[in-house]
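> Sharing a structure below in structure tokens format, with a few things to ask.
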């Protein structure tokens with residue numbers, strides 16, 4: 001099971017008393033700000049949660065799994081997430097409790 005944007009909005013509605021429309025808009029604006037920061041090459045740091053970074057990957061050799069043909073995998077930029085210490089600790093504690 002995965003947490004969706006709709007569920008995040010529902011939580012804002014339930015816990016903070018936002019209207020459903022405002023809750024949905026708040027979630028959309030939050031993620032749009034993260035998208036814009038990453039698109040402009042900025043790192044996103046969410047204290048107590050983790051960091052979103054951009055990483056450049058070099059071109060490398062690859063292989064077509066169907067044909068076995070060697071093909072180059074093109075250079076690209078990827079988004080990475082590194083969880084913060086607090087998030088890591090909370091997740092680790094969940095494992096121990098289960």
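A Cβ is built for glycine as well, from the same backbone N, Cα and C atoms used for every other residue.
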> If Swiss-Prot is the reference, give me the range from 51-71, 72-92 marked as region 'Disordered'.
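Checked against Swiss-Prot: region 'Disordered' maps to 51-71.
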> So, by DSSP, how many helix, strand and coil residues make up the compositional bias 'Basic and acidic residues' (53-69)?
0 helix, 9 strand, 8 coil
